[in-house]
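Annotated features in Swiss-Prot:
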- 2-235: domain 'ABC transporter' (DOMAIN)
- Gly32, Ala33, Ser34, Gly35, Ala36, Gly37, Lys38, Ser39: ATP binding site (BINDING)
- 295-358: domain 'Mop' (DOMAIN)
Amino acid sequence: MSLALSISGRRGAFQLQVDATLQPEGVTVLFGASGAGKSSLLRMVAGLDPCEGTIRFADQLWRSSGLSSERKNDVDLAVWQRPIGMMFQQPTLFHHLTVQGNLNYVARRRRSPIGQVEQVIKQTGIAPLLSRRVDGLSGGESQRVALARALLGTPRLLLLDEPLSALGEEHKQGLLDLIALAAQTVPVLYVTHNMDELLRLADQVWLMEQGRVVAQGPVGQELSRLDGVLAQRADATALLAGEVGSYVREDHLQGIRVGSHTLWLPGLQRLTPGEPVRLRIAARDVSLCLSAPNDSSILNILPAQVVGLRDVGPGQCLVQLRLAGQCILARISGRSARQLSLFPGTDLYAQIKAVALV
């Protein structure tokens, strides 16, 4: 169920032009600074804002416009004809209804079976809220209800426009978990400029600048590209895919297996062995040495190989490393890079000072 876009649109002086294809599963994050065109693109996909060009989802044509002034063969499906569920920064709920009333209204319009309504209520954990009016809900509760409503009617695509931007940190994690769960059964196009949300959710990423998708690909690949937009950021971060290993009770350390290596994290004893996880490693938290140190307090020191190097500022060098078949970044001084005589193919050791689950 891929989404193929070849569209353009204008709002005032702002021009958007996008040619891209959404993968048929998982979460694709539209990432970029405010004003890059992320929300505008999402609204065009939904049919809320006009655009020219072609939008095709799976075998269904949602939008097609030609150059002819007569436009006899144009296709432009209305919002309600597109099999989508939507969430926005502010939940668009009916404030004169209870939570149950909001769900019932959408279920009737989308002809959702009773069993599906019950399933969505259970999935989003909103059963205790059903009798409450939505104007008495907290921000986190309102967004959980909005997500439940978006899931009704079995949408084939979820469009989420910065759904967590108005929430405090205490409410975000639960909703991130719910969105990740929903993405197991329906593809998601997710707008954000928040790096934590990108790291937590993205399978694929579209990087937007000035109304264009300037790069797209698997999130791990785009994060670790030396010439990529994300690697140039001060908070440049890489992702490693691993799985939960053993827990050392006397040291309160949790092992995470990455290939044939193990990284150690404090605590986390409640994780399930074998469970797939993601690790985030900031480039500034990786230092390099040519031989294995024997007297370091750093727990995670792993063999790696230099893939490439790039100057990223006065006296700063970004090093791309291959570690257990995946790539991470190290930000070191240019002087250190020269003293170590680093070049592609150099075998060395990466000292990872901090690593965290996402």
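Each Cβ is built from the backbone N, Cα and C atoms, and glycine gets one as well.
Annotated features, which come from Swiss-Prot, shown on the structure.
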| residue | record | Cβ contacts under 8 Å, 6 or more apart |
| --- | --- | --- |
| Gly32 | ATP binding site | Lys38, His193, Leu207, Met208, Glu209 |
| Ala33 | ATP binding site | His193, Glu209 |
| Ser34 | ATP binding site | His193 |
| Gly35 | ATP binding site | Phe14 |
| Ala36 | ATP binding site | Met208, Glu209, Gln210, Gly211 |
| Gly37 | ATP binding site | Phe14, Leu16, Val18, Met208, Gln210, Gly211, Arg212 |
| Ser39 | ATP binding site | Asp161, Glu162, Val191 |
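Secondary structure from DSSP puts Lys38 (ATP binding site) in a helix. Residue density at Lys38 (ATP binding site): 26 other Cβ atoms are found within 10 A of its Cβ, drawing on all protein chains shown. In the three-state DSSP scheme, Gly32 (ATP binding site) falls into the coil class.
Per-residue pLDDT, averaged along the domain 'Mop' (295-358), amounts to 96 for this model.
Taking the mean position of the Cβ atoms of Gly32, Ala33, Ser34, Gly35, Ala36, Gly37, Lys38, Ser39 as the ATP site, the remaining same-chain residues with a Cβ inside 8 Å of that point are His193, Met208.
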